[in-house]
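Asker: Just lifted these from TrEMBL, have a look:
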type: BINDING; residues: Leu105, Thr106, Phe133, Pro134, Ser135, Asp136, Asp222, His225, Tyr247, Trp278, Asn306; note: pyridoxal 5'-phosphate binding site
type: DOMAIN; residues: 168-250; note: domain 'Aminotransferase class V'
type: MOD_RES; residues: Lys248; note: N6-(pyridoxal phosphate)lysine
Amino acid sequence: MNFQNTREFAQELDRQDELAKYREEFIFPQVNGKNVIYFTGNSLGLQSKAAKKYVEEVMQDWGNLAVEGHFYADKPWWDYQERFCQPLSEIVGAKPTEVGVMNTLTVNLHLLMVSFYQPSSKKFKIICEEKAFPSDQYMFQSQVAFHAKSIGFDPKEAIVEIKRREGEHNIRLEDVLSKIEEVGEELALVLIGGVNYYTGQVFDMKTITEAGHKVGAFVGWDLAHAAGNIELKLHDWNVDFAAWCSYKYMNSGPGNASGYFIHEKHHNDTTLSRFAGWWGHNKERRFLMEPNFDPARSADGWQISNLPVLTLAPYLASVHMFAAIGMPKLIKKRDLITSYLEFILHEIDAEIEGTEFEIITPSNPNERACQLSVYLHGQGRALFEYLMKNGVITDWREPNVIRLAPVPLYSSFEDMYEFGQILKKGILG
Ligand SMILES: Cc1ncc(COP(=O)(O)O)c(C=O)c1O
Ligand SMILES: Nc1ccccc1C(=O)C[C@H](N)C(=O)O
């Protein structure tokens, strides 16, 4: 499409946008009496109007029914999580029995590593990406330290990071594959962010998963920046496990629950260790209070505690909205609005001397989703602060990168145009 950097053109794209009406379903913070231009749905998604209704429903049931709500609420609490399985399975490309919600992201990745990182003295290495999100790095370090002494391997050798090549911002697939081959039989686990939080790079999960399996490793994915953002086919890709937070693209609220996936091929595997609790016990027999753990033969078998229902309520509102729309439409708009933002950035960059906006996110549409990370050469933190003051909510990452994520559910094309104008003013004064 031949884009134009005019308000009329952006408004025309909004008129043609079949998802435009969903913007009304969200609450935008106000700056100078106007909706902000919100680019940080990759950090915390906006509150939907439905979220409050779902929470209020639980509050009312709690008030009216108290303990009886577990079984007699409209959406009974004891199996509240089952309402997620169908819609979530569509979002991440899984069978409904392969997904669940519980805890928070890093906690779930730790718990999944209990099952899928069982090192021996010969097979103990973990492949991850260089500069993974810090929480993942700390997780790897602590998992390795936890096992190293009893198994007797050198913790310093255990974590193998895939590096970017000199002068490049993104990791090459060929480098991931050759590292997997090089580590070979010593490789116990590959665990990478499916979409890199800093650059927005989307990894070829199918190919990497296959390569990991070829050398006998488990392969898992941190899908924090992927769930609700990109097409996923976790079942077909034969991924062993994955987890994601729900507060980014899935708009479930700050620090909210994590979704997780465990491939059905593992559901009956009793050799996998796991940390158990009564909510993972055989569902029909859960309330018999039996002494021995009999795990549910599905992803539910990894549940531990009864559910934080109030917390799950806004997440349920969100998955219902995603289910009503479907990922294909979101992805279609995502690609158009991201390309439009890219075009606007190039236009403004070309107009202004002395600046250079280097988009470090891959330009190949197969390797990016809705985030553009922009290196603002010639500009400093003052520009970021100007943007924030003028109603553009973005984030700053050292040394000089802003991340912009136009979210297809609630961002408009006119937002992109307006952002360009504010950016220009911020630079030219
Ligand atoms: C890739 C990635 N992993 C892990 C986390 C941490 O998640 P949590 O604090 O929910 O455990 C985040 C974001 O906060 C993230 O972007
Ligand atoms: N949960 C948060 C709480 C406080 C500050 C940031 C976060 C984020 O989620 C950061 C996000 N993971 C990121 O990619 O930057």
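Glycine residues also receive a Cβ, built from the backbone N, Cα and C atoms like all the rest.
Predicted automatically and left uncurated, TrEMBL annotations should be read as such.
Let's see these features in context: how buried, what's close, how far.
Answerer: Reduced to three states, the DSSP call for Leu105 (pyridoxal 5'-phosphate binding site) is helix. Sequence-distant contacts (6 or more apart, same chain, Cβ under 8 Å) of Leu105 (pyridoxal 5'-phosphate binding site) comprise Ser135, Asp222, Ala224, Ala243, Trp244, Cys245, Ser258.
Note: Lys248 (N6-(pyridoxal phosphate)lysine) has non-local neighbours Gly41, Asn42, Ser43, Leu44, Gly45, Ala224, His225, Ala227, Gly228, Asn229, i.e. same-chain residues 6+ apart with C-beta under 8 A of its own C-beta.
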Asker: Mind checking which of Phe133, Tyr247 has the fewest other CB atoms within 10 A of its CB? They're the binding-site residues.
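Answerer: Counting other Cβ atoms within 10 Å of each of the binding-site residues Phe133, Tyr247, the minimum falls on Phe133.
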Asker: Mean pLDDT for the domain 'Aminotransferase class V' (168-250), rounded to an integer?
Answerer: 98
Asker: Among all the protein chains here, how many other CB atoms are within 10 A of the CB of Ser135 (pyridoxal 5'-phosphate binding site)?
Answerer: 15
Asker: Quick one: which of the binding-site residues (Leu105, Phe133, Ser135, Asp222, Asn306) have their CB closer than 6 Å to ligand 1?
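Answerer: So the answer is Leu105, Phe133, Ser135, Asp222.
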